[in-house]
Ligand code: MRU
């Protein structure tokens with residue numbers, strides 16, 4: 001994806017071929033600052049503190065974290081310890097565990113002297129594959145937007161609502177929910193995106209930054225505005241990403257997604273979820289009961305980052321001193337509220353049958 005005309009990925013290797021570089025997403029959209037990760041612990045901190053975020057990206061960074069660990073020390077003990085530290089950094093997005101399992105399984109039977117090179121190879125593969133999966137999601141999602149555009153009088157804009165940031169900053173490139181939007185815009189379809197602010201961490205600002213960099217018309221809205229817009233015919237479809245999707249098609253995503261899905265269903269507005277297969281968790285059936293929901297610091301709720309007129313970043317308190325704050329980072333939208341899942345293999349129903357038909361090689365019978 002491009003920033004000021006230059007193509008970037010959201011994670012890459014420095015010229016020395018082992019230092020891992022990322023954008024500090026806590027500084028975006030105000031400052032474009034890169035951070036160098038040199039140790040496994042750096043990678044763990046980057047994920048935990050959300051310098052990087054978004055399910056596919058944290059999977060890729062965790063894989064690079066294993067490579068950094070093997071560079072530091074390739075013993076069995078360090079392999080196990082690094083896995084344990086990285087897997088605990090964030091509990092909800094399954095891509096993290098998927099990437100760590102894949103790396104661990106390859107390394108455990110690799111001789112120590114080859115572990116560092118093997119781990120970098122796998123991390124690079126995971127990153128490259130993610131770009132390709134997201135590109136394919138974009139192609140399949142584009143067809144949905146094209147079909148909605150075809151029902152509109154010529155020249156009328158397709159209005160799409162999205163929640164959180166499921167763009168290239170949340171993946172290695174392209175994004176999941178935003179990939180079809182980029183492709184639709186590039187294909188000449190007139191689109192406009194309603195961007196949910198996504199409190200408490202304001203990932204909507206990241207989405208607005210991405211869409212702005214790509215020249216896509218968009219409007220940042222308060223999280224509570226979606227129901228009103230949907231009810232008044234101002235939304236043609238919703239597309240969101242996901243951190244974990246269960247065997248029966250329940251979707252866990254950023255807190256607030258469920259409310260948008262309810263409003264969409266009540267008003268017969270299509271609600272799509274875009275995901276690469278590493279986000280599928282066939283070991284889980286009932287998302288509401290079984291998916292662990294990350295709870296983060298109450299300070300993220302009581303405070304908000306912004307930029308002052310002088311251009312300095314500021315951390316401002318918006319709650320009475322001492323208020324107890326809850327900060328639930330994700331919620332689960334049951335499959336019945338979802339129109340379809342946009343995957344790299346095509347679009348399917350959010351159901352066990354739909355997922356089984358597309359992913360017979362991955363699914364496990366309940
Ligand atoms: O807490 P975050 O910012 O990591 O949450 C990100 C999301 O909820 C995204 O929608 C999800 O990871 C899908 S990203 C392609």
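Any Cβ shown, glycine's included, is placed from N, Cα and C.
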Per TrEMBL, member of 146, 203, 321 binding substrate alongside 53, 54, 55, 90, 253, 254: 203
Taking every protein chain in this structure into account, which of the binding-site residues 203, 253 has the most other Cβ atoms within 10 Å of its Cβ? 253
Roughly how many Å separate the Cα of residue 53 (substrate binding site) from that of residue 243 (active site, proton donor), to the nearest whole number? 11
8 Å Cβ shell about 53, 54, 55, 90, 203, 253, 254 centroid, substrate site members excluded: 58, 93, 164, 165, 166, 170, 241, 243, 329, 330
Near ligand 1, meaning Cβ under 6 Å from any of its atoms: which of the recorded positions 90, 164, 254 fit that description? 164, 254
Between the recorded positions 54, 55, 90, 164, 203, which lies closest to residue 243 (active site, proton donor), Cα to Cα? 55
Compute the C-alpha separation of residue 164 (site 'Transition state stabilizer') from residue 203 (substrate binding site), stating it in Å without decimals. 5
Residue 164 (site 'Transition state stabilizer') has its Cβ surrounded, within 10 angstroms, by a count of other Cβ atoms equal to 29
